[in-house]
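Heads up: the structure comes next, in structure tokens.
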Amino acid sequence: MSQTPDHPPLDTVRSVSDLRARIALWRREGLRVALVPTMGALHDGHLTLVRRARDLADRVVASVFVNPAQFGPNEDFARYPRDEAGDAAKLASAGCDLLFAPDVAAMYPPGFATAVEVEALSRRWEGEFRPGHFRGVATVVTKLLLQALPDVACFGEKDYQQLQVIRRLVADLDIPVRIEGVPTVREADGLALSSRNAYLTSAQRAVAAALNRTLRSVVARLAAEPGAVAETESRARAALLEAGFDAVDYLAVVDAASLEPLLRLDRPARVICTARLGTTRLLDNMDVPVPA
Ligand code: PAF
């Protein structure tokens, strides 16, 4: 539990049975419940999710769980930033009512053997660079939704493919929850807030702003030339390398729901990108309006 001068300590539960007991009390009072799943290391993007959740429900539960199942063997699970006390204080200040902070054994007890796989949507883009990642995300999000059974759950649009995977699994598995996508929160220079921005050196941080700038230029160019998708994508990849990125894992204009690549701008679309600075992968995406 943690405390700031202005807020009482945030109630914290660690077991599914305690979580359900707390939510059952609210349900008996007829209150609506929102869930904000996180992996902690909270920044203003997460707190915006909590504030949106507050608008949509009477009580807000946030989960903090660094989910081992969504990290590959060579990824940053061990060094992923963890600060439960700091997170609890931030959550309290944003209006969260309850923190669910299970340990790995509570989420994946001995004998755990089930996984949720959202097939087509998980295969491309992040799925290609992080095999098994969306299986881990889909499994833990399904568990969290079934544990809390909230009316609404809030997720950031920054992880756009993740958001689409979650929408799909909720529809396919008939989980009775509204999924609310919340717009990305950005630094003044456009960089999307992310817990992994903490890994950037100051030189890398200066380069990082080119990611959002480049995506904005893709949107502007396609507004003028909706047929020039392939050429716009390849110019944008080159611009990122020119700006100092070490690699572009992908940059693509895709169907906003299926995430299949588009050749021309003839339906709701999104430009999605992951580019690398050293070992840090930065993700961003933007809505690409369809010209009238
Ligand atoms: O976006 C995240 O922080 C995580 O992928 C999530 C949704 C909390 C699942 O672990």
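Using N, Cα and C of the backbone, Cβ positions are placed for all residues, glycine too.
Listed features, source TrEMBL:
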{"type": "BINDING", "residues": "39-46, 156-159, VAL185, 193-196", "note": "ATP binding site"}
{"type": "ACT_SITE", "residues": "HIS46", "note": "active site, proton donor"}
{"type": "BINDING", "residues": "GLN70", "note": "beta-alanine binding site"}
{"type": "BINDING", "residues": "GLN70, GLN162", "note": "(R)-pantoate binding site"}
Relative to the Cβ of GLN162 ((R)-pantoate binding site), which residues of the same chain, six or more apart in sequence, are found under 8 Å away? GLU126, PHE134, VAL137, PHE155
In whole Å, how far does the CA atom of GLY45 (ATP binding site) lie from that of GLN70 (beta-alanine binding site)? 20
For HIS46 (active site, proton donor), which of these binding-site residues sit within 10 Å, Cα to Cα: GLN70, GLU157, VAL185? VAL185
At the Cα level, what's the spacing in Å between MET39 (ATP binding site) and GLN70 (beta-alanine binding site), rounded? 11
Tell me the Cα distance separating SER195 (ATP binding site) from the residue listed as 'beta-alanine binding site', rounded to the nearest angstrom. 15
Given the binding-site residues GLN70, SER195, which one has the fewest other C-beta atoms within 10 angstroms of its C-beta? SER195
Relative to ligand 1, which of the binding-site residues MET39, LEU42, GLY45, SER195 have a Cβ found under 6 Å from one of its atoms? MET39
Local backbone state of VAL185 (ATP binding site), from DSSP in three classes: coil
Taking 10 A as the limit, how many CB atoms besides its own sit near the CB of HIS46 (active site, proton donor)? 28
